[in-house]
Amino acid sequence: MPSQSDLDRQIEHLMDCKPLPEEVRTLCDQARTILVEEWNVQPVKCPVTVCGDIHGQFHDLLELFRIGGSAPDTNYLFMGDYVDRGYYSVETVTLLVALKVRYRDRITILRGNHESRQITQVYGFFDECLRKYGNANVWKHFTDLFDYLPLTALIESQIFCLHGGLSPSLDTLDNIRALDRIQEVPHEGPMCDLLWSDPDDRCGWGISPRGAGYTFGQDIAAQFNHTNGLSLISRAHQLVMEGYNWSQENNVVTIFSAPNYCYRCGNMAAILEVGENMDQNFLQFDPAPRQVEPDVARRTPDYFL
């Protein structure tokens, strides 16, 4: 097992945007022993800073830490989608996992729909691992670890955080607590819905244009919040141009933390600071200065930007 000094050395190495050579397996093994003890609805205390999609935009993650404060000084909650699309998925996910192992009570990392074997084989993480390591071992270590990530989090029993959205199969938090999460993300069903669904202007449940999950209306979100004694659903999963977007009569907020998404969308990013008294403050930020782009052929399909 790596010591704290080993982890500090690894984190310092990763902060320079350098992949770890051979220590990834040990790091993932240690992270698994931590994550297996966490819940499907992981309780989180305030103050905490809530973050949306990162998608391999490593230098923008460093900018996020510059704006929001470094770990462990700031307590962080990340709502998934650490990999794919950006050029530095390996460095991004390795840094977040190393921070989790080093400061387990100061960072919560949830599962997004991209923390999946199938999706990462299409949208970049698998190919990046092959390019940077010469084989798929690191990809396998991380995708095996992804099965253990909590699905949702609950800040002070009031703010419900997850990657995607609600499910017609899940009326209560106890329904979510009863799921068996330690598996590849299924193509359908409640676990899939939590990672894939989106809020919609239309009431009720709808068919998702993504081909997985559902759309859910303001009536659904309001009922879920009322049933479970919640003040807010905080989620990520969708590009919003200002970095955050209130919807569904303020029952739902979307947070997106990858500025200039895919290096071309022109959006701002945001994070949400939840204070000691549950007060809410959004911090917006622009992309970090562009680095020299790696020589990568961009063949990944857009699916949903």
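Positions of Cβ are set from backbone N, Cα and C atoms, glycine also.
Cross-referencing D8, D16, D81 with the Mn(2+) 1 binding residues that Swiss-Prot gives (D53, H55) picks out D81. Around the Cβ of H55 (Mn(2+) 1 binding site), the number of neighbouring Cβ atoms within 10 Å comes to 26. Close to N113 (Mn(2+) 2 binding site) in the fold, though at least 6 residues off in sequence, lie G80, D81, I119, H163, G164, V185, L195, W196, A212, H237, each with a CB less than 8 Å from its CB.
D53 (Mn(2+) 1 binding site) counts 28 other C-beta atoms within 10 Å of its own C-beta, drawing on all protein chains shown. For H163 (Mn(2+) 2 binding site), other Cβ atoms within 10 Å of its Cβ number 26.
A 10 Å cutoff on Cβ-Cβ distances gives H237 (Mn(2+) 2 binding site) a total of 27 other Cβ atoms nearby, all chains included.
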